[in-house]
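**Student:** Here's a structure for you.
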Amino acid sequence: MGEANKNIRNFSIIAHIDHGKSTLSDRFIQYCGGLEQREMEAQVLDSMDLERERGITIKAQSVSLDYKARNGEIYHLNFIDTPGHVDFSYEVSRSLSACDGALLVVDASQGVEAQSVANCYTAIDLNLEVVPVLNKIDLPAADPDRVCQEIEDIIGIDASDAIRVSAKSGIGIEDLLEQLVERIPPPKGDPDAPLKALIIDSWFDNYLGVVVLVRVIDGEIRKKMKIRFMSTGRDFQVERVGVYTPKTKDLDVLRAGEVGFMISGIKEIAAAKVGDTITDAQKPAMTPLEGFKEIQPRVFAGLFPIESDQYENLRDALSKLKLNDSALFYEPETSQALGFGFRCGFLGMLHMEIVQERLEREYNLDLISTAPTVIYEVVLTNGEKKFIHSPSELPPVNKLAEIREPIIVGTILVPQEYVGNVITLCIEKRGVQKNMQYMGNQVSLTFELPLAEVVMDFFDRLKSCSRGYASFDYAMNRFEAAPMVRVDVLVNGERVDALALMIHRDFAQSRGRQLVEKMKDLIPRQMYEVAIQAAIGSNIIARSTVKAMRKDVTAKCYGGDVSRKRKLLEKQKEGKKRMKQVGSVEIPQEAFLAVLKVSDK
Amino acid sequence: MTHIPLSLYIHIPWCIRKCPYCDFNSHAASNGLPEKQYTQALLTNLSNELPHIWGRKLESIFIGGGTPSLFSAESIDELLCGIRALLPFRPNIEITLEANPGTFEQDKFRGFREAGINRLSMGIQSFNPEHLQALGRVHDREEALRAADIARTAGFDNFNLDLMFGLPQQTLEQAMQDLQQAIALNPTHLSWYQLTLEPNTLFYKSPPVLPDDDLVADMQLNGQHFIKRSCYAQYEVSAYARQGFECRHNRNYWEFGDYVAIGAGAHGKLTNPADGSITRYHNYRQPAEYMQQAMQGTARSGTERLAAADLGFEFMLNALRLRDGFPVALFTERTGLASDYIKAGLEQALQRGLLDVEGGYVRPTATGWQFLNRVIQLFLED
């Protein structure tokens, strides 16, 4: 059996948002001379505008750097970036499994946060060598000793020799690179075995087609070779392979232990699924790599264009986004109230927000989104089971045996003083406490929570009841029977399908009341009175009224006022276009999401 | 081309101080006004506009502001004499001057009357001391009450009072008291309008607490009843008059007539008799700059020829403010456009019960009258 290159180091950085991952990776690139100074655009790796704005990495990427160590040897460092949000935990696990080690970067004043903990556990489970790093060491508020203690208490790894750096001012970067080379092991793997390469990520490029980011585990992948995707059995011919330095650099071959890109004439990313194994079509491996999962959207919402003639544009935009986002699911949906649109599936709320924002910003669409809902598993009286993605798909009550809702296991990390608040919140959200552990000043809480409750406004509430200190991570667990009911909303006596909601029976009454009250505030007064009702079946459970507007007249308009008044009325009319006419009532976009706001008090 | 009436608007851009709700072009007067210089600029400005209005007679003149009553009777006399020398007046021409209580005394008013002013418009706004203060007015209740006396004694039988409702923290009773007080002074005309927070005002930036929409609507409803019982007829959204005393100058705006405008920041609208095209223009706003430009014959800072699409809408924006609406033929007469231009909007409004066509007149229905903005928006191009 051969041996992979001893001088390769494949690593990832685990860090909470704002703890300095991007700055640190920029430093590495700069230090190893990957880019000229003038080519350094701050935070090279987060390439989407949205990513840069939100400071979140959505797509995994990689960069290969050559580092000349103090011992004189040249090391080939492959930094594999990971997505940084709970919605993308599967992608994180795949990125991490391509590595042999990870730097756990913790802000020396802020301490450990739940997101890092969850990712760190994933890394440890995958047998990665985790090297703790304290960043922002030069800030006056830095308390490295406390934070080291926290790392040991919470994560349970030795932090006594944590490397202290400041990515921003460049302190300790060389020491960090030395430690990285020393402590993170070289890749294992057999260069002579049949090819096994892990798909870390894939994306669509307008010129190249699908680009696949791979880590070669065994064997090698070379130009012109015929390869096979093991989950689908489909074969392709390799056109190009190479690495990012971070500039694109073509090579003839990627060998065991190496990380790089591969292009092979694939047209849609669904063919190159994250976590899948690529093998040699002529000499296939016996078994694929472990851990591959089909991605399942968890949260669903209807997206409708405000102007019905934008439907085709919305479809085009979704299909373009889908090219690069295999987790995005969509299918046509028709609503009586909103016309033609799409029911879309997302990994989570952040994913949904990102997609919606990109559609509005990059494709210039005005959209109405219906309230997000989770998937329910329903059991019919004839024993048949099916999944529903929208309240309107709920079968009639007389055919319904059981509704099962998705349950997640959530981990919350919070300073002691807010534990009470957080527990109260979780219980209010129908949570069941599973574990509580004191770790220094922090408390780690484990709760089982219905995903539907998490989708609503859990993040915001969690942040506000802990003054922003609590952090949260979750994983899907199971479907469980729950007494859910569909609450319909009627506007002036007309059932508006797009406003229907699934609510736990015990909360239906109070949520219904809050919802119609909130809608009353969000729907502007119109020429006629508007009645808003919430109903379960034919039973009205709550009602509110938007009083009729009494007048809408410009008080003054003399010779010099005409142009200004014209502009004012034009603007008003423009504003009305952003509302949806339902029957005779104009409903603004935000009213369709009123349910997300019912607990704003 | 049929005859389109022509008015003259003159802007005097100074006030003792700027009121927080006012979005007109007015500037706080500091140590003395350049009256002579400004009067000269106005006359030069007008003589330079003459080519656009050649051979037409003036139906009305309106001297507005600002506070034109800050000017001396001599300056107003000089101004009107100069205008007479430049333009023919129709017999019985209406010549209005805006005056604010606290800025004039008996003698000055007599002088205005002698100069040829035959109508006064007085900016009372309220008689309630607290509201006067909230509005930043320079006068008090006593001065407001005395203003009408002074006007009448000076020979002004025809005067308007400007009054507002929906004032900060105003109650229904207070709004009605203001109206009763105003009508007790027996003006020939009443401009009674709702306080609106206009952009570029102090109130817009830091809004006062205003009565809610329902209360304001109640004020309007009650007030309108009271005004009607007091024998004033409402002929426009905010204008009420004794029979025969409607403001001809303002009516001309609403009937989409022409008006030549002189003075800082003044807006004019003129029809070109040669091709029927309609132009809006405005003058330089800053008094000093205006005077300098006007003397060089370049008072206008912007001129815009109205597109057909805008014309239809602008006509409706004005004409539908009149309670009796407008004769169908007036549209073509004033805009030069075929009535097709408003056909679609008209049909929609008729269908929704917002407008009526009766006896050759297009007029808002009772509902349309309450929701005039929505009616007018039907005539906006998409």
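Think of each number as a place in line: the chain as shown, counted from 1.
Heads up, the Cβ atoms here are built off N, Cα and C, so glycines get one too.
Just so it is clear, the model here is predicted, and its values are computed rather than measured.
Just lifted these from TrEMBL, have a look:
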- A:6-188: domain 'Tr-type G' (DOMAIN)
- A:ASP18, A:HIS19, A:GLY20, A:LYS21, A:SER22, A:THR23, A:ASN135, A:LYS136, A:ILE137, A:ASP138: GTP binding site (BINDING)
**Student:** If you count Cβ atoms within 10 Å of the Cβ of A:ASN135 (GTP binding site), leaving out that atom itself, what do you get?
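**Tutor:** Its Cβ shell of radius 10 Å holds 30 other Cβ atoms.
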**Student:** Out of these binding-site residues, A:ASP18, A:GLY20, A:SER22, A:ILE137, which one has the fewest other C-beta atoms within 10 Å of its own C-beta?
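**Tutor:** Among the binding-site residues A:ASP18, A:GLY20, A:SER22, A:ILE137, the lowest count of other Cβ atoms within 10 Å belongs to A:ASP18.
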**Student:** Please find, for A:ASP18, A:HIS19, A:GLY20, A:LYS21, A:SER22, A:THR23, A:ASN135, A:LYS136, A:ILE137, A:ASP138 as listed binding GTP, the greatest distance between any two Cα atoms, in Å.
**Tutor:** 17
**Student:** Under DSSP, is A:SER22 (GTP binding site) helix, strand or coil?
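**Tutor:** Reduced to three states, the DSSP call for A:SER22 (GTP binding site) is helix.
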